[in-house]
């Protein structure tokens, strides 16, 4: 009898030890998924190489670029889900609320060419497009860059032609042999994509195409960026332009950050409200914009997340115009710098020196 009690006591003791060991290991794993008190001193020099259709996003700690986690994959603060695909990190199964599984936000399904897609699901109707179902709405982006990069303005009668053996078409200049562009004037129009609705409105059959905004034309001071989109009732590819300012030219490059050991200051917010200016126009309202900082180790910082607002400008007495303006959310620092990055830093330093003199 005493032997049985002794054996039972040892088993209970072993179970308690295993339980404490398991809790300790879980605590260590959870700790690796939390945001550190401060970002690591160095992120990878090059952006991560993600699978086709997967975006590179800032981790949940806003430190480094990572590949967005997809549906069914594990997620955490350091490995965020692809929110643009309607995904969120479901942490209900983790008592510590540190890790989870990327799950689609409940939404309506989509129907495309007779096929039903769930909200958050990605698909390719052809080799030219990557589409995503978002709560009953289908959004598509082109896989062919030439499909949205329009020819130069001096290109007479531009038209697209198919290339044998290739998926993507290409632009050529010159009059059409049949003297009719036909459907080529609507580069994004696809009569077969009816989504099961028989109507004459061309916008219903339009696969949305919108490029990313180009880099700002100036490294400092007010410049402009462009994109091409067919988000209009005619489904026509139109060029859009917005004002942008990555940083003011009087920013000091020799002091990129106030934190000891840091070589870059990614994002810096203006301490005082300022009027935006371009040419002879001044904004009616003041703003406290965010700017991208500079690095002391040769890297350059560029906008990562941006949005566009409509700002009112007064260009002459009584003349008020509205202009789209880029607003910076976050910036990222990397080594993929423009060729004139060194000259840009020298220009900043020269202007700063003159200002001090």
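Cβ atoms here come from the backbone N, Cα and C positions, even for glycine.
Quick look at what Swiss-Prot lists:
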type: SIGNAL; residues: 1-31; note: signal peptide
type: DOMAIN; residues: 32-105; note: domain 'IGFBP N-terminal'
type: DISULFID; residues: 35-61; note: disulfide bond
type: DISULFID; residues: 39-63; note: disulfide bond
type: DISULFID; residues: 43-64; note: disulfide bond
type: DISULFID; residues: 50-67; note: disulfide bond
type: DISULFID; residues: 75-89; note: disulfide bond
type: DISULFID; residues: 81-102; note: disulfide bond
type: DOMAIN; residues: 108-174; note: domain 'VWFC'
type: DISULFID; residues: 264-301; note: disulfide bond
type: DISULFID; residues: 281-315; note: disulfide bond
type: DISULFID; residues: 292-331; note: disulfide bond
type: DISULFID; residues: 295-333; note: disulfide bond
type: DISULFID; residues: 300-337; note: disulfide bond
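Features as recorded by Swiss-Prot, highlighted on the structure.
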residue	record	Cβ neighbours (10 Å)
35	disulfide bond	14
50	disulfide bond	15
64	disulfide bond	18
81	disulfide bond	27
264	disulfide bond	24
281	disulfide bond	20
292	disulfide bond	26
300	disulfide bond	23
315	disulfide bond	14
337	disulfide bond	18
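Note on proximity: of the disulfide-bonded residues 35, 43, 50, 281, the one nearest residue 301 (disulfide bond) is 43, by Cα distance. The distance from the Cα of residue 102 (disulfide bond) to the Cα of residue 89 (disulfide bond) comes to 5 Å. Within 10 Å (C-alpha to C-alpha) of residue 89 (disulfide bond) lie the following disulfide-bonded residues from 35, 39, 63, 81, 333, 337: 81. In terms of Cα distance, none of the disulfide-bonded residues chosen from 63, 67, 292, 295, 300, 333 sits within 10 Å of residue 75 (disulfide bond). Confidence for the domain 'IGFBP N-terminal' (32-105), expressed as mean pLDDT, is 82. Calculated from their C-alpha atoms, the gap between residue 39 (disulfide bond) and residue 331 (disulfide bond) amounts to 14 Å.
Within 10 Å of residue 67 (disulfide bond), as judged by C-alpha distances, the disulfide-bonded residues found are 81; the full candidate list was 81, 264, 295, 300, 315, 331. By the criterion of other Cβ atoms within 10 Å of the residue's own Cβ, the least surrounded of the disulfide-bonded residues 39, 295, 331 is 39. Each residue of the domain 'IGFBP N-terminal' (32-105) gets a DSSP state, and the totals for helix, strand and coil are 5 helix, 19 strand, 50 coil. For the pair formed by residue 281 (disulfide bond) and residue 292 (disulfide bond), distance between Cα atoms is given as 23 Å, rounded to the nearest Å. The least crowded of the disulfide-bonded residues 43, 67, 75, 102, 333, judged by other CB atoms within 10 A of its own CB, is 67. Using CA atoms as reference points, the disulfide-bonded residues 43, 81, 264, 292, 315 were checked against residue 63 (disulfide bond), and the closest is 43. In the three-state DSSP scheme, residue 337 (disulfide bond) falls into the coil class.
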